[in-house]
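Annotated features, as they stand in TrEMBL:
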BINDING   Asn13, Asn66, Gly76, Asn77, Asn165, Asn198, Glu216, Arg217, Gly226, Thr227  substrate binding site
ACT_SITE  Cys75  active site
ACT_SITE  Cys75  active site, proton donor
ACT_SITE  Cys225  active site, proton acceptor
Amino acid sequence: MKIPFTKMHGLGNSYIFLNLFNFEMEDKDLSSLAIDVSNVNTGIGSDGLILIHPSKQADVGMRIFNKDGSEGKNCGNGVRCVAKFAFENDLVNEKIFTVETKAGNVTAEVHVVNKVVEEVTVDMGKPILKRSEIPMVGEDIPQVVMENFEVSHHPLQITAVSMGNPHAIFFVENIDEAPLFELGPMISNDQRFPEGVNVEFVEVVSNKEINFSVWERGSGVTQACGTGACAAVVASVLNGHIPKNTSVVVHLSGGDLTIKWTEDGHVWMRGKAETTVTGEFKWNRNI
Ligand SMILES: N[C@H](CCC[C@H](N)C(=O)O)C(=O)O
């Protein structure tokens, strides 16, 4: 089976994009396709697969699958790439439009230079803070902020935020000393998160700047995580490190995002989206 694809990335968080406006894939094949295209040795190499599809409730729709074949509900870097693809391929004809995700609709605005979308601003909507809606097991309280969370004899304090997908945020003194590889996978698969969780370590640099690293649910360490960066800013405000309504520079391994949690409760994200390569993937898994 020959599959036309476009590889794109947001700050090095890369996905293989399929345009389902002019190509069809069976739902039952998507998980295994995500695993195969993500494989850097036998596939194309990426953090997962993203489908761009027609939508009845928004201008375009997207679905995101992680490297392990699991489906996520939202993807900040992915939304910016979908917006770039949709505008540059005339799937939309306005610079501001809506994108359907499994977590609901978001609104994107593309910033164009010489017909090329360089950056995208996304209104990622409101964060979800209620424990049961993260979801996280335990007494259902309005928000989980600096709660004791022991992992493998490490006494940590967790702040939990959902951007439609779950995030566990831990503040550290020095991001370079964060136990990302040791504790990331343990926390991501911890029983206290019934659906798993994305794990972020955050170093507060100032009241408008943070350093950030991430172990993504279903993909492991990635260069960037857009929803994670949004969740990290929300957590920083909840913990009094950053005032609300501040334009925060989030330094991720792959580059910077500018994020603001505004008084009306919405989280805004601005950052780059880039196209790496287009091509045709010969997929011959015996399905
Ligand atoms: N691993 C995430 C999906 C990708 C999110 C990330 N790549 C982003 O940019 O937000 C999850 O399972 O919830």
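Cβ coordinates are placed from backbone N, Cα and C, and glycine is handled just like the others.
TrEMBL labels come from automatic prediction, so no person has curated them.
Gly76 (substrate binding site) sits 7 Å from Cys225 (active site, proton acceptor), taking the C-alpha atoms as the reference points. In the shown protein chains, 29 other C-beta atoms lie within 10 A of the C-beta of Asn13 (substrate binding site). Maximum C-alpha to C-alpha distance over the listed substrate-binding residues Asn13, Asn66, Gly76, Asn77, Asn165, Asn198, Glu216, Arg217, Gly226, Thr227 is 16 Å.
Highlighted in sequence order, Ile64, Gly72, Asn74, Cys75, Gly78, Val214, Ser219, Thr222, Cys225, Gly228 have their Cβ within 8 Å of the centre of the Cβ atoms of Asn13, Asn66, Gly76, Asn77, Asn165, Asn198, Glu216, Arg217, Gly226, Thr227, the residues recorded for substrate, and are not part of that set. Taking a C-beta cut-off of under 8 angstroms and a sequence separation of 6 or more, Cys75 (active site) has the following same-chain neighbours: Tyr15, Ile50, Met62, Ile64, Thr101, Asn165, Gly226, Thr227.
Within 10 Å of the C-beta of Gly76 (substrate binding site) there are 31 other C-beta atoms, taking all protein chains into account.
Separation of the C-alpha atoms of Glu216 (substrate binding site) and Cys225 (active site, proton acceptor): 8 Å, rounded to the nearest whole number.
Every protein chain shown contributes to the tally, and the Cβ of Glu216 (substrate binding site) ends up with 29 other Cβ atoms within 10 Å. There are 28 other CB atoms within 10 A of the CB of Gly226 (substrate binding site), with all protein chains counted. Annotated pair Cys225 (active site, proton acceptor) and Asn13 (substrate binding site), C-alpha to C-alpha distance, rounded: 7 Å. Mapped onto three states, the DSSP output places Asn13 (substrate binding site) in strand.
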